[in-house]
Amino acid sequence: MRPRWLRSVGISIGALALCSLFYGHHYSSLISAGSRTPREGVGYDLPSKSLEWIPAVSHGRERNREQTETLRVQRPSKEQVPDTCPTSLQLRVKNDSYFNTLFNFEVPLLLWNSHMTERNWDILGKRPVPYGWKDLPQEDVASTLKLLNDSAHRVMFRRQGPQKCIRCAVVGNGGILNGSRKGKEIDGHDYVFRLNGAVIKGFEKDVGTKTSFYGFTVNTMKNSLISYNEYGFTQTPKGADLRYIFIPSDLRDYVMLRSGILGVQVPSGYDKGDKPSVYFGPKPSPRKFKMLHPDFLLYTRERFLKSDILNTKYAGLYMPSTGGLMLLTALHSCDQVSAYGFITPDYNRYSDHYYELQKIPLEFYANHDMILEMQLWGRLHDKGIIKLYKR
Ligand SMILES: *[C@@H]1O[C@H](CO)[C@@H](O)[C@H](O)[C@H]1NC(C)=O
Ligand SMILES: *[C@@H]1O[C@H](CO)[C@@H](O)[C@H](O)[C@H]1NC(C)=O
Ligand SMILES: *[C@@H]1O[C@H](CO)[C@@H](O)[C@H](O)[C@H]1NC(C)=O
């Protein structure tokens with residue numbers, strides 16, 4: 001146990017970090033009961049008819065080519081085998097008249113070198129971060145994307161065969177996991193996604209130990225290292241099989257990713273002087289890094305998490321949460337998805353995070369819409385598309 005004064009310094013640094021992150025705008029008044037008018041029973045909109053979601057590149061072809069190659073090698077000759085996992089969430093989505101209109105499994109999920117085209121620079125260059133490259137120096141974006149030239153940058157993982165169902169667990173950091181004893185179940189999945197302040201030591205029985213993907217923005221990763229240090233988040237997850245998923249929320253993410261792959265100190269900008277080895281281990285293989293596509297971020301906002309906050313003066317701050325983005329990433333790459341540590345309607349019963357020493361209530365800020373996310377996870381669970389951990 002640390003001395004009380006040290007803990008309170010830790011918390012105020014954390015609070016400071018949060019303030020700079022959210023510009024201090026507290027959102028609880030906006031979100032208080034009554035101000036949110038439920039729409040059409042489910043509480044969120046169908047995709048807008050006017051939504052002009054233009055894929056920046058035709059992505060399906062690349063992805064299909066990779067899958068076809070895998071299938072060609074592994075498909076047993078003559079035998080009739082289904083192309084996909086027979087219990088895949090894709091089939092459940094197809095079966096559901098509501099979610100069928102939201103999901104587009106052809107959306108570009110990851111960003112890689114061949115996305116650096118003149119056409120993309122025109123389209124993405126008009127959208128502000130995190131949905132595009134507006135105001136970012138072209139040389140920073142181009143030099144980063146150039147390094148994403150391996151097949152590992154184009155897919156989340158390789159499929160082992162057409163019939164194998166890929167089962168993923170996405171572990172949020174919610175207080176509901178305290179005492180859950182779900183560690184073994186979580187580790188039993190093919191891939192485990194974690195994010196931000198993912199404390200493991202001391203909570204193995206509740207959250208497991210396996211980490212296949214760690215998702216973050218450089219801002220949330222560094223804030224987590226400061227704010228949750230006192231709870232044991234003293235370093236980012238590391239491991240031979242671990243992959244880092246960058247959410248490109250601003251220039252910092254492009255510059256850090258480039259420095260991480262090149263294995264050099266961050267040369268300029270907000271994180272100047274940072275050693276990427278601190279975050280990603282010494283001499284990480286370039287194949288350890290992936291970056292989400294700005295189109296995917298826009299798609300998640302427009303189709304799944306089109307918050308009322310977008311109609312307020314806080315619109316520019318709003319984006320889906322890191323946990324929400326990781327869960328949607330899993331939904332667009334795995335066959336079966338279980339979500340642990342995500343917000344449920346009884347969130348008042350739990351602390352903000354599973355590792356706090358005393359109960360700290362969940363706070364709402366203008367940059368995310370946790371109530372909307374809660375409704376989405378609940379609805380996906382009710383439709384059998386995800387398995388959401390509840391108590
Ligand atoms: C699709 O819906 C039909 C009819 O409701 C049901 O019988 C079938 O099991 C569903 N399939 C999946 C994959 O959920
Ligand atoms: C990717 O680019 C780097 C640097 O330009 C180069 O050394 C490497 O061989 C390339 N990798 C592939 C798979 O093309
Ligand atoms: C975690 O669970 C334990 C046992 O139920 C409880 O005593 C403790 O207060 C919980 N921690 C928080 C932060 O809620």
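In case you wondered, yes, glycine gets a Cβ from its N, Cα and C as well.
Listed in TrEMBL:
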COMPBIAS  59-69  compositional bias 'Basic and acidic residues'
REGION    59-84  region 'Disordered'
DISULFID  Cys168-Cys334  disulfide bond
Same-chain residues at least 6 apart in sequence whose Cβ lies under 8 Å from Cys334 (disulfide bond): Leu89, Met156, Ile166, Arg167, Cys168, Asp190, Tyr191
Surrounding CB atoms that lie within 10 Å of the CB of Cys168 (disulfide bond), all protein chains: 27
